[in-house]
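Pulled from TrEMBL, these are the features on record:
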DOMAIN    2-234  domain 'Glutamine amidotransferase type-2'
ACT_SITE  CYS2  active site, nucleophile
BINDING   THR303, ASP365, ASP366  Mg(2+) binding site
Amino acid sequence: MCGIVGIVGRSNVNQSIYDALTVLQHRGQDAAGIVTCDGDRLFMRKDNGMVRDVFRTRHMRRMIGHMGIGHVRYPTAGSASSAEAQPFYVNSPYGITLAHNGNLTNSESLAEDIYRADLRHINTNSDSEVLLNVFAHELQSLGKLLPQPQDIFEAVRRVHRRVEGAYAVVAMITGYGILAFRDPHGVRPVCFGRRETPNGPEYMVASESVALSGLGFHLERDLAPGEALYISAEGELFTQQCADNPQLNPCIFEHVYLARPDSIMDGISVYKARLRMGEKLADKILREWPDHDIDVVIPIPDTSRTSALELANRLDVKYREGFIKNRYIGRTFIMPGQQQRKKSVRQKLNAIELEFSGKNVLLVDDSIVRGTTCNEIIQMARDCGAAKVYFASAAPAVTHPNVYGIDMPAASELIAHGRSVEEICRIIGADRLIYQDLDDLVDACREGNADISRFECSVFDGQYVAGHIDAAYLGDLERSRSDAVQRSNDMERLAALAENEVIDLHNAE
Ligand SMILES: O=P(O)(O)OC[C@H]1O[C@H](OP(=O)(O)OP(=O)(O)O)[C@H](O)[C@@H]1O
Ligand SMILES: NC(=O)CC[C@H](N)C(=O)O
Ligand SMILES: [Mg+2]
């Protein structure tokens with residue numbers, strides 16, 4: 001998951017894009033980028049780091065123009081190199097820049113085709129650069145000097161036929177307008193909104209509605225799966241369905257962890273979905289453990305707060321904030337590398353001893369993925385003198401890798417892969433472990449929008465809705481992107497950079 005944003009405005013959009021990226025920062029902390037368009041000139045700034053660190057006043061001043069796009073990155077393909085920060089740019093046709101949230105599952109074979117058949121050069125290992133080149137090739141092959149909305153939609157239609165996997169995209173065609181499109185399964189989210197100004201309406205596209213509301217845009221709606229939207233530089237809006245057989249299968253993990261609770265996604269309030277997760281988990285506890293001896297429910301901040309609160313209400317047990325989060329440390333799950341994630345849990349969360357001492361505590365988290373957080377937290381609760389430490393997860397056991405834009409590429413890194421609940425409970429050192437049932441999680445989300453017939457739940461059930469995902473694909477992914485491999489790639493890259501041996505194609509300071 002990354003965050004994407006695009007704005008066609010009536011005055012300079014640089015500050016609004018910056019502000020929107022800060023609202024979407026929870027979707028990617030590794031790199032950030034903005035490109036604006038003034039007439040036929042582009043102004044781009046991108047680099048590794050958080051939004052507040054990447055953009056300085058001197059950059060902001062130079063990024064003029066009434067339309068632009070932005071991105072916050074959490075890498076799921078290629079490396080964490082600054083050369084893979086987004087947006088990406090190709091000069092032909094027209095000059096196109098693109099930002100992508102998701103992950104292509106056929107990017108290797110596409111990269112080969114792009115080179116051999118389309119005669120295009122790809123400079124990084126990023127699947128997003130591949131996606132941009134496929135789109136650019138398809139638009140170029142229409143051979144129009146002045147592209148019309150119908151041409152742009154035709155190019156998207158052809159992209160859908162070639163590309164597999166998950167992709168929510170915003171792209172800018174220099175001098176012409178901004179385009180957004182969503183893959184035919186609608187796995188990753190993207191919505192758009194409108195803001196009135198004395199000079200006419202402005203439009204914004206974003207990964208989450210919270211970016212729209214934060215900037216005074218009114219949420220119009222989510223893009224449908226397979227749909228494309230085009231806003232001309234003059235502010236005219238066009239939409240078209242570009243997929244042959246679209247089906248809405250949104251990623252359920254957005255509701256569990258990725259999205260902000262104050263977002264509305266595909267008609268579902270993420271906040272209310274999380275409240276319902278808490279209710280259903282409480283019902284399971286009451287069903288399976290009616291004589292429980294829980295004294296207090298304690299959330300693991302931040303994401304589990306909403307479900308833990310409702311769980312405590314339903315159990316009629318006290319809810320207490322037993323862990324305080326250092327607000328200056330980001331989300332640990334989306335940090336690259338296990339060592340960094342482990343160190344950060346202790347730096348990030350500190351316990352209030354009196355909430356634990358002599359009590360039977362139920363710790364609640366939204367999910368358990370690698371087990372980094374719960375391992376540390378349970379030990380901290382014991383160090384504070386808890387009598388019993390029970391643990392509940394508002395999501396079912398994460399047993400399978402993700403291939404659609406969440407960095408969980410290796411089954412062997414998942415604590416629940418191939419293990420029973422009892423084994424996991426023993427490993428994390430809890431006195432009892434309770435997971436949400438998958439049917440209950442799906443119901444908790446679907447109650448917000450009964451029209452969604454299927455969610456993308458592959459991390460829980462191993463059913464992959466898009467692309468051709470088989471054991472061979474997952475084996476290759478594990479070999480190429482496991483933590484150990486990424487660590488050694490990053491070390492090599494840093495060593496080469498230190499010796500000034502690497503020349504990346506990206507903007508200067
Ligand atoms: O089992 P793990 O591999 O540790 O992953 C799961 C944990 O990671 C996330 O927290 P994170 O700190 O990223 O963000 P948050 O502050 O939004 O909860 C998530 O909320 C869980 O607490
Ligand atoms: N998390 C994402 O959406 C990542 C987008 C893209 N696959 C990248 O690695 O840059
Ligand atoms: Mg957490």
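Using the three backbone atoms N, Cα and C, a Cβ is placed for every residue, glycine included.
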For the domain 'Glutamine amidotransferase type-2' (2-234), would you mind checking the mean pLDDT of the predicted model? 96
Just to verify a number: CA distance, ASP365 (Mg(2+) binding site) to CYS2 (active site, nucleophile), in angstrom, no decimals. 22
Roughly how many Å lie between the Cα atoms of CYS2 (active site, nucleophile) and THR303 (Mg(2+) binding site), rounded to a whole value? 17
Other CB atoms within 10 A, centred on THR303 (Mg(2+) binding site): 23
Mind giving me a neighbour count for ASP365 (Mg(2+) binding site)? Other Cβ atoms within 10 Å of its Cβ, every protein chain shown. 22
Which residues, sitting 6 or more apart from ASP366 (Mg(2+) binding site) on the same chain, put a CB under 8 Å from its CB? VAL256, TYR257, ARG274, MET277, THR303, SER304, SER307, SER393, ALA394, ALA395
Going through the recorded positions CYS2, THR303, ASP365, ASP366 in sequence order, which have a CB under 6 Å from an atom of ligand 2? CYS2
Other than THR303, ASP365, ASP366, which residues of the same chain sit close to Mg(2+)? List them in sequence order, counting a residue when its Cβ is within 8 Å of the Cβ centroid of the site. VAL256, TYR257, PRO299, ILE300, ASP302, SER304, SER307, VAL364, SER367, SER393, ALA394, ALA395
Where does ASP365 (Mg(2+) binding site) sit by DSSP, helix, strand or coil? strand
